[in-house]
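This report concerns only the one structure given below.
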Number of protein chains: 2
Amino acid sequence: MAIRISTRQPDFEARFAALLATKREVSEEVDAAVAEIIADVRARGDAALIDLSARFDRVDLAHLGIAVTQAEIDAAEAAVDGPTRAALEFARDRIEAYHRRQKPADERYVDSLGVELGHRWTAIEAVGLYVPGGTASYPSSVLMNAVPAKVAGVPRVVMVVPAPNGEINPLVLVAARLAGVDEIYRVGGAQAIAALAYGTETIRPVAKIVGPGNAYVACAKRRVFGTVGIDMVAGPSEVLVVADGDNDPAWVAADLLAQAEHDAAAQSILITDDVVFATSVEREVARQLETLPRADVAGASWRDYGATIVVRNLGEAPALINRIAPEHLELAVDQPDELLVLVRNAGAVFLGRYTPEAIGDYVGGSNHVLPTARSARFSSGLTVLEFVKRTSILRCDVDSLRALGGAAMALARAEGLEAHGRSVGIRLNL
Amino acid sequence: MAIRISTRQPDFEARFAALLATKREVSEEVDAAVAEIIADVRARGDAALIDLSARFDRVDLAHLGIAVTQAEIDAAEAAVDGPTRAALEFARDRIEAYHRRQKPADERYVDSLGVELGHRWTAIEAVGLYVPGGTASYPSSVLMNAVPAKVAGVPRVVMVVPAPNGEINPLVLVAARLAGVDEIYRVGGAQAIAALAYGTETIRPVAKIVGPGNAYVACAKRRVFGTVGIDMVAGPSEVLVVADGDNDPAWVAADLLAQAEHDAAAQSILITDDVVFATSVEREVARQLETLPRADVAGASWRDYGATIVVRNLGEAPALINRIAPEHLELAVDQPDELLVLVRNAGAVFLGRYTPEAIGDYVGGSNHVLPTARSARFSSGLTVLEFVKRTSILRCDVDSLRALGGAAMALARAEGLEAHGRSVGIRLNL
């Protein structure tokens, strides 16, 4: 059973701080194993991928091939029913439309001293997308990562996905094709990250790696960071629902369970100003769990990490929201914008009573890759910006260099960097 | 003496690849020491800062105080001469003007299905800025990090700077005041990073830490990442100058040496299509080194990591530039924009013969915190975006939820996430 705390309790601050401090991830000690795997892939390339995939995924890549063929993707398409394919296309189109608006603009201008300034954005030349295997192999995640990369203009998007016992979720292959993924390889784990970072005979290296993965994948991404770029390392998912007593408890309970069913380490929190409603929601959670296919997972998450926070009034909510810094925030009230303006820290906000978080997971159009574990205090969800980089531009002529030169030389010399000063002075006969 | 290679050499590709693969940083094994320091600061707070500062910086913070006082900053201001102060203000104003243009815009719109979408940007609530002590204690770096944070709207910018033997560069304090830094503490090393991440009695924790530092600082930043955000870990600085034979060899040599004087591990590379010019530049480098105060540093950098690449024609340059992915790129030709459009990977570009890189270090207005070690392939220099984060917004009403709901439920069920589907269906009586 989830905990219940209330701002009326004299020890509320201690209880709330304990809730914030809850660790939901067991950090596995995989560093040594990952270092060995990466070294093996760097030394032996494809041969290492074949051996490691046989060991970890029980798949014979020497026979099947490392690359997934177009014929295999065709076969996957044939295996997907029409409505599901249409839903994937609908999601792809909406994600693309939303992310197109994020493309940053170049700029060039001349300032009052005659200095030309500006910047250019360019797409990263090659991006690797890690897709987990097994039950966490979500086609929606393929769309959420690959579509923004393609919108950014990345010419080469490379997907890696493990094929345990030779199998890949056909929906993942179809989503990859719909998103415009250029190459697909059936490797997973730290070995796939190593292959993307350093290249093998079959897999050319990329410049950045994105996408979720298990402890081995996360550790490998940290290790290759610097050689390539990486995205954030995502933790278990979480939702914070702020709801007044005018909501249907069953709707709110459904939203809490939608988050909880992801992972036993997921977290669902309810903030409400209505203690009777809080009890109704808790009862509804128990009731809906009875018929939920993933009741074991969702039940464990709710029992171990679920929480209800009863506040005196919803004016107390923003301060709590900002300290929790939730990945997903639902504001299930009549005037959600009044609360929204006070929200600083949240990955995504879902406004009103008719916007369950699951809409954002699939077809809202916004991205479902969002900051977890309170990192919305300092980071953002996935956008097109993740796939571009910026070059700043500066241009002086002799007159504008003269206008800037004295100050530059003064600062260079104040910092003891004489050659810096000389590189300016020599052009101005100073 | 720097190496010289040429695209006419039959083994050019191997030589160029070797140049790219050159490691310029010795990775010190400091991880265990850093872990211990962080644990000590978390356990003992200020007392640990006092003990560690006594040991590493030979300074008695129990007596001096951890916080730098306004009176001390006043004294620093009195110690700085007028022209240097004016140069700092000039730099501050130009950096501020350039970065104001980077503030990203919020957006809200309703799409054709009636779904409201958008995003909001908010400033990070508190940012820590690490400033190295000793010779690398640059006031220009204080401006380059703190001004964008303040432009972003960060309400609390906290600077930490070690005070070896009790001393802090007065220019650093003046730059901090000019940039609007809110708090300054005289602690450095891994202990300063730990204090910023976890807080002590005197230093409240921040949400993100930026700024350059030594191996201990870099290691500590990696370790606290997750608890707080961090910026990129910067390596030794580098410049690539592309110059035709119409340049004054002395100007180009001065630019190469300006980079080399930063650090014995800095790297200066010249690409030219004129072999006679290449020789003239090499001679000029040797001649200018004779009178350079930091000749030991600059000479070692040029000897160990300097390189001249002679190309058949400058049309060969862009492919080489993009593989080098330099932090700084000078295009010292008559029509630099013709090359610029072909440049994908560079932190900052300096156009034409009158834009020495040093202008960008101080008063150009653009940021001098730029991606090193080939990371311009996947990352960008410091901008206002480093200090804000984005919250995405989604809002449906019953009609737009109905328009999206079927596809969302189809995808949820295809992914085996029944509770996701239910959270949509329950609102639509499906």
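Including glycine, each Cβ sits where the backbone N, Cα and C put it.
What TrEMBL says about this protein:
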{"type": "ACT_SITE", "residues": "A:E327", "note": "active site, proton acceptor"}
{"type": "ACT_SITE", "residues": "A:H328", "note": "active site, proton acceptor"}
{"type": "BINDING", "residues": "A:Y130, A:Q191, A:N214", "note": "NAD(+) binding site"}
{"type": "BINDING", "residues": "A:S237, A:Q259, A:H262, A:H328, A:D361, A:E415, A:H420", "note": "substrate binding site"}
{"type": "BINDING", "residues": "A:Q259, A:H262, A:D361, A:H420", "note": "Zn(2+) binding site"}
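All features noted in TrEMBL, drawn onto the structure.
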| residue | record | Cβ contacts under 8 Å, 6 or more apart |
| --- | --- | --- |
| A:Y130 | NAD(+) binding site | A:V160, A:V161, A:G188, A:A192, A:I193, A:L196, A:I209, A:V210, A:G211, A:P212, A:G213, A:V217, A:K221 |
| A:Q191 | NAD(+) binding site | A:I37, A:D40, A:V41, A:A48, A:L49, A:L52, A:S53, A:F56 |
| A:N214 | NAD(+) binding site | A:P132, A:G189 |
| A:Q259 | substrate binding site | A:S237, A:E238, A:V239, A:A266, A:Q267, A:S268, A:S301, A:H328, A:E357 |
| A:H262 | substrate binding site | A:P236, A:S237, A:V297, A:S301 |
| A:E327 | active site, proton acceptor | A:S237, A:E238, A:V239, A:A346, A:G347, A:A348, A:L370, A:P371, A:T372, A:A376 |
| A:D361 | substrate binding site | A:S140, A:H368 |
| A:E415 | substrate binding site | none |
| A:H420 | substrate binding site | A:A408, A:A412 |
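Filtering the recorded positions A:Y130, A:E327, A:D361, A:E415, A:H420 for a Cβ under 8 angstroms from any Cβ of chain B leaves A:D361, A:E415, A:H420, in order along the sequence. Counting every protein chain shown, the number of other Cβ atoms lying within 10 Å of the Cβ of A:H328 (active site, proton acceptor) is 27.
Shown in sequence order, A:P132, A:V160, A:P162, A:G188, A:G189, A:A190, A:A192, A:I193, A:G213, A:Y216, A:V217, A:A220 are the same-chain residues outside A:Y130, A:Q191, A:N214 whose Cβ sits within 8 Å of the Cβ centre of the NAD(+) site. Cβ neighbours within 10 Å of A:S237 (substrate binding site), excluding its own Cβ and spanning all shown chains: 23. In the three-state DSSP reading, A:E415 (substrate binding site) counts as coil.
Between the farthest pair of Cα atoms in the substrate binding residues (A:S237, A:Q259, A:H262, A:H328, A:D361, A:E415, A:H420), the distance is 56 Å.
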